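Engineer: Summarising the annotation, Swiss-Prot assigns signal peptide to 1-18. Per Swiss-Prot, topological domain 'Extracellular' is recorded for 19-594, 653-669, 726-748, 804-810, and the stated evidence type is sequence analysis. Here Swiss-Prot flags 121, 259, 332, 378, 452, 555, 567, 590, 733 as N-linked glycosylation site. Taken from Swiss-Prot, the feature transmembrane segment applies to 595-615, 632-652, 670-690, 705-725, 749-769, 783-803, 811-831, supported by sequence analysis. The feature topological domain 'Cytoplasmic' is assigned by Swiss-Prot to 616-631, 691-704, 770-782, 832-926, with sequence analysis given as support.
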């Protein structure tokens, strides 16, 4: 019996193969009468059966390769129309339909379109040529379909002639949003632009940048490829290879092209992520071959095949790797499930598809559900109505769950929305018309209403945008093996408006994170602290990793360039992942060098106080009086005290006050000190000047108080102008790489140099006067000269050191110079006198000083007599003779008188003198 059934089935198939399309009605897949007819285009069969490479006669060939999933789409349209007819949406108006099989061929779809455009209620079924189709009444009012963009474009160009509404449910090519080219086309799915943008976002988010892409050789595939290239570049993703497969299975080269594509995938070992824009039958063949070649990759699925049960049920499909895809947003299609349960109730005479399906079920009656789809595909031919209704019912009852398993929820919902959109538009159009009359309106009128209609699926409201698209978004799906079967699970949603993935729960987040474990990169990932250095390759994704230089950082992987730290406040070492705050530095109080300098300054202050006490207690002694008196000594000691104290303003955190105070305090006090010493040098020069004219001039010049006030006043003016016009301020020095130096900016180098230069001029004058007054056995001038030399040596050394020193120790250099010059002058001015006061009290008496003066006078006169000399200060040259000779010249006598006058002047002025009677070793220190 079973053998007989199989024999009869084979006979029917052979008979059907030999029966081409004889009449237009044979061409219709399903039909139902109504007041308003809606056309439908579905690729129910995968290809046309032709014995020739190219047709020789213009006839429609037989179609083979029955597709269960598209058969279900056809049923979804029928079900949606029946839902409207059974509702109150169009009271008294029945929607009918004519559904045609495109066989996945443009030519077949265009043939069906010609029948749609044929004149209504005309027996000849002709398409009339007119200059104006405004009043032309075609066979149908609108068309739903086709599924593939390539076919939809061709059909739409024909429908544009009459502006007949065409609502796509699966055609996603971006070009279809162009209302200039396709003014009558609308669709209930988003444009591919959004899908491709979401894919590029997913790839970038997962850390992949080296991928492959496979498309079809048609308008849809080429447009998708071009758009993806643009989005990939925007997301820094590189395409390692691009493979293009023939668009139709009838192409004899498809198997060769698939093999070449798989070999390319094997060669590109670093490419582990492949984007696939193919039709279901392409993917079916591709994956079967990939399983044979043991290829395991991550596949990014487009909405064409991401939820296709035909592919998920391929044996050992798990061996291909992981699949993440994008599917149309799901809706409530529970009523469609009930419709499938009662599929046998449809009238069989007008649904040839049901007869063909019944035939395939009979041929595959003993095949398991898992293999049933492939069995039907292999045995599919154009069906003849030879089965009884009772047999059909029995088969449907046996396999109704099988159909539901192959339903793609997103596509079913899109078809429902397409029918509902037309239904609501017809309702709005028929409110003032009698739509039971087929001539109530023209297709172009329906198009105008359809563009602005708001419709619902029972749960949500929808409307078309300005491009005729329905931006419902996408579901992101992941293929997972559950109980040994590959199952399509929803992983996330993609929000078109905000370009974000909406992840519902933590488990899904973990699945997203797991995608990052798959590596698909041309180059190894650059770690934080490194940047990408592009190689000679044409792809920016192929690069080398280079360490970030100093003061640069990267805190993420694969950054294209290193970020610059703020050089003013931060720094970074080589290969740094972050910037570090610069340490603020200045000559701090706890710095070892600062402590040492402070100790030296404090010792200097103590020494000044000790000297002041010694001089105060020995106020009336000749040594103190010969130093110019207590007032002059106190002024000099006060200046030294201020100089030592001024060093404290060079230490610690700089402030505007300390910056202004330290230089002016030192400059004025040191100038006052030098001015006082200058008057002493001038007095010594006056005391030992024997030229009457010079002596007279020096007497006129010698005005101690005026000299001190004038010299100091000039310095005060210099410092005042300095503070007014260019005062020293705190400066944040950021030129060092790792530290910030807080320092005092002198404001004006010219003013600073003028202040120091003026002190140097006074010191030089003082040095000249002291050097000129440096007489034998009179050590005051010698010590002043030595003190000035110390000052000059210290400050001459200071200039190059100060100019080349950088950092927080610049103030320390100036402190050291101040201490050296201050100690030098203080030592030379007061140490010899303190030595006499403390250690040689026997010569610190008036009688001892007078004795030394007379002794020096006698010695000086003897020296003049014994040593021939020319006295240029006299009116003529006089030769000195021995004073013991019997005759003393007048000239010699005159010199003696002048010498006596000089020492008398010294006594009157309380000038110091060192006795000749002291031993040489003692005198040298006084």
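Placement of Cβ uses the backbone N, Cα and C atoms for every residue, glycine included.
Since we're looking at a predicted model, the values are computed, not measured.
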Engineer: Of these glycosylation sites, 259, 555, 590, 733, which scores lowest on Cβ atoms within 10 Å?
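Structural biologist: Across 259, 555, 590, 733, these glycosylation sites, the one with fewest Cβ atoms within 10 Å is 590.
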Engineer: Any idea which of the glycosylation sites 121, 332, 567 has the thinnest Cβ neighbourhood at 10 Å?
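Structural biologist: With the glycosylation sites 121, 332, 567, fewest surrounding Cβ atoms within 10 Å: 121.
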Engineer: Which chain-mates of residue 452 (N-linked glycosylation site) that are at least 6 residues away have a CB under 8 A from its CB, listed by sequence?
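Structural biologist: In sequence order, 463, 464 meet the Cβ cut-off.
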Engineer: When you scan the chain for residues with a C-beta under 8 Å from the topological domain 'Extracellular' (804-810), skipping those not six or more beyond its ends, what do you find?
Structural biologist: 585-588, 591, 593, 736, 739, 741, 743
Engineer: Do me a favour and check the Cα-Cα span between residue 555 (N-linked glycosylation site) and residue 733 (N-linked glycosylation site); whole Å is fine.
Structural biologist: 27
Engineer: Which residue counts does DSSP give the topological domain 'Cytoplasmic' (691-704) for helix, strand and coil?
Structural biologist: 11 helix, 0 strand, 3 coil
Engineer: Are the transmembrane segment (670-690) and the transmembrane segment (811-831) close, by which I mean at least 3 Cβ pairs under 8 Å that are 6+ residues apart in sequence?
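Structural biologist: The answer is yes, given that the two segments have at least 3 Cβ pairs within the 8 Å cut-off.
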Engineer: Taking only the Cα atoms, work out how far residue 121 (N-linked glycosylation site) lies from residue 590 (N-linked glycosylation site), in Å, as a whole number.
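Structural biologist: Between the Cα atoms of residue 121 (N-linked glycosylation site) and residue 590 (N-linked glycosylation site), the distance comes to 108 Å.
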Engineer: Could you check which of the glycosylation sites (259, 332, 733) sits closest to residue 567 (N-linked glycosylation site), going Cα to Cα?
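Structural biologist: Of all the candidates listed, 733 is nearest in space.
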Engineer: CA-CA, which of the glycosylation sites 259, 590, 733 lies nearest residue 332 (N-linked glycosylation site)?
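Structural biologist: Result for residue 332 (N-linked glycosylation site): the nearest of the glycosylation sites is 259.
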Engineer: I need to check the long-range neighbours of the topological domain 'Extracellular' (726-748): which residues 6 or more away from its ends have a CB within less than 8 Å of a CB in the stretch?
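Structural biologist: Residues 550-551, 567-569, 571, 580, 582-586, 653-656, 658-660, 662-663, 806-808, 810-811 contact the topological domain 'Extracellular' (726-748) from elsewhere in the chain.
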